[in-house]
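Encoded as structure tokens, the structure appears first; notes follow it.
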Amino acid sequence: MADTTLTSVAAVPHAVHDYRRHGTGRWFVLALLSFLLLLVLFPFFLALSNSVKSSVDYAMNGPLSLPTALDFSALVKFWNLADFSRKLLNSAIISLAVAVVGVTISLLNAYAIGIGKVRGSRVILVVLLLGIMVPQESIIYPLYYMAKATGLYDTQLAVIIIFAVIQSAFGTYLLSSVLSSFPREIIEAAEMDGANRWQILWQVVVPVLRPSLMVVGTFFFIWTWNEFLIPLVMLVSNNNQTVSVAMGLTRGQNMSDPTLQAAASLLGMAPTLIFFLIFQRTLTRGVVVGAVK
Amino acid sequence: MKLSTLAMAIGAVVLTSGLAYAQENTFNIWWFEDAASAQGITWTKALEEFKASNPDVTVNFEQKTFAQLQASGSMILNSDQAPDVLEYNKGNATAGLVASQGLLQSLDDAYTGQGWDKILNEGQLTLSRYDDLGVYGSGSIWGISTYGEYVSAFYNIDMFEKAGLKVPTTLEELTAAFEAFKAAGITPLALGGADTSGQHVLASLAYTKADDTWVQNYQGLKAPLDTAPYLFAAQTMIDWVAKGYVSKDSTGIKDPDAALQFTSGQAPIYISGTWNLGNFSSSIKDFKWGQFLVPTPKYSVGSTGNLWVVPKASKNAELAQQWISLLLSPKYQTEQANNGGVSIAADPATVTNPVGQNAAAVFKEIADKQGLGFYPDWPVPGFYDVLIQKVAGLLQGTLTPDQFAGELKQTYDDAQANQ
């Protein structure tokens, strides 16, 4: 279903533009895009070139010069200092759990709101969206006291629960708008065949919705991976901490170590980058999910 | 279906990893000093000895980040997760706050009991004492610092020798040195106008016109601001910009970039704190460098370092005190100075590293004449950002020295009246 809309959307530009007639415009667009691409790639370049530079080299030649010799000591140092393999595992566990739990909650909510036609569904959606608009700083103390009261302070479970709930607000919004345009005929046909609501959800809705669920899950994974404040506050022990919290190691009270910082940025963004490359197609489909409505 | 089993499996992993610790007779210790800094190196060595002399105790060390303790320090101290001893940022807003909240154990008895009173003097305890409101200077002892820090001018000895210049001992000689470099086509002073070093230069200059009363009133928020020292400092700074002693684009420069101008050998002088010593020692290879104090009659920008505090929830307060004693011992004070740190109680004669020897001697000199002027942003909450903003305005030329001093006075006097 989603695939058919995809191809029809993709086919539109070819019909409208005839590229051969707009030669100069085409070059202009290419130049502009190349320029933007350079802007986007520049920070990556800085992180890469400075992370393989020795601190002496940096002190003499500054951040913009190319490294005089390859020196991986900053990368090794940060990896060991932060116990980075452990942090990767922690971030992966937390992000994956949030993605799975968050998508499940979103799906159940959206099924009720989008297909079940709950009364006041619009109000419910607005209230849920308010949840993600509240700055995290303002809810950090209540979260801290709740986590302490339940004995979850300094556990990854606390972070998983918090983010699964916060992010499912957005997931509910997105999925229920997709589900509200879900073809009624399919559901009616399933009902005719004697399927109950549970069976309709798992055997009819979920298979059709799978691409959208993947998109939402991918977003949740990346967002959770990049979260900083709540993991910083909730995860006290080094063994529980995430990648983004570990990156704080490179900034001291008065000093920062630029090559170490570059190494940390490079190592910190590499997993999301790899994840993005793997799920690139799912994410592009995500843009279309919004457009279908 | 498949999703839910996966979720449960992950949940189980998380729960077990969370419950991994809960041992008897453990000693948890945290600090956030960089592992490569003089403190980091020294404390790591001391911890080895500490472990060896307490074989029946499991010592768990965690390298914390400044950001984490800054964001959630009081939350951690108010929970079961608090360690037995930790490094904590000095000052009213940090150590003072948690002391006043009753989250720390008083070290009054240990101060005499452990013999720390024979090592430290009252001047070095100013930032250890906090009253009921969390204001430093009086009240019980809540933390102990084992090192010092101060702002000085780092200078490139090779460039000074080449220009035939001596180390300046008065402000006039400093200005003359600037002029000589300027005449040779070198911009002499690297300045982070948009960062901490900008306000440290400002305060150093203000302290050239400050006496005991002014500094005590200023730091104690005791009277409306007497702007004369700041007016002088502001005037001097814009003179330096006008004469080209400071590069015109210093306004937008951050400390790491200003330090880079020094380490790369472009600028012969950089005024900043002793926290740079570790970086400079390891990254400057192709010239000789040294430090001199910005010439002032008595006060220098500086203070004792961060505090070792014992949380209320600490189950091993005695071991915590033993740890602090170890760091204050001559062995580790000397060790710290040899690693290029600013030791509080090292005998300069026993220190072999010239950087640490000089730093310990200079700090002793300042401390002995009670000349620690502290930092300019301390008296007023949020003053740090105000100073950064106003110094940038001054250097850009959007504020005259009079306006600059007037705007500082307004913020300061508001805070002074409403305290």
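Cβ coordinates are placed from backbone N, Cα and C, and glycine is handled just like the others.
Curation plays no part in TrEMBL annotations; they are all automatic predictions.
Taken from TrEMBL, the feature transmembrane segment covers A:27-48 (among others). Under 8 Å from some Cβ of the transmembrane segment (A:27-48) lie the Cβ atoms of residues 63-64, 262, 265-266, 269, all in the same chain and six or more residues away from its ends.
Proximity of distant same-chain residues to the transmembrane segment (A:88-111), defined by a Cβ-Cβ separation under 8 Å and at least 6 residues beyond the stretch ends, is recorded for 128, 156, 159-161, 163-165, 167-168, 170-172, 174-176, 178-179, 201, 205-206, 209, 213, 216-218, 220-222, 224-225, 231, 239-244, 271. What TrEMBL lists as transmembrane segment is A:88-111 (among others).
Here TrEMBL flags A:88-279 as domain 'ABC transmembrane type-1'.
According to TrEMBL, the transmembrane segment annotation covers A:123-145 (among others).
Counting residues 6+ beyond its ends, the transmembrane segment (A:157-179) has Cβ neighbours under 8 Å at 94, 97-98, 101-103, 105-107, 109-111, 113-115, 121, 125, 128-129, 131-132, 143, 147, 205, 209, 212-213, 216, 219-220, 223-224, 227, 230-231, 234-235, 242, 289-290, 292-293 in the same chain. Per TrEMBL, transmembrane segment is recorded for A:157-179 (among others).
For A:200-225 (among others), the entry in TrEMBL reads transmembrane segment.
The transmembrane segment feature in TrEMBL is assigned to A:260-279 (among others). If one looks beyond the transmembrane segment (A:260-279) by at least 6 residues along the same chain, the residues whose Cβ comes under 8 Å of a Cβ in the stretch are 44, 46-51, 53, 74-75, 77-79, 81-82, 84, 88, 91-92, 214, 218, 221-222, 225-226, 243-244, 246-247, 249-251.
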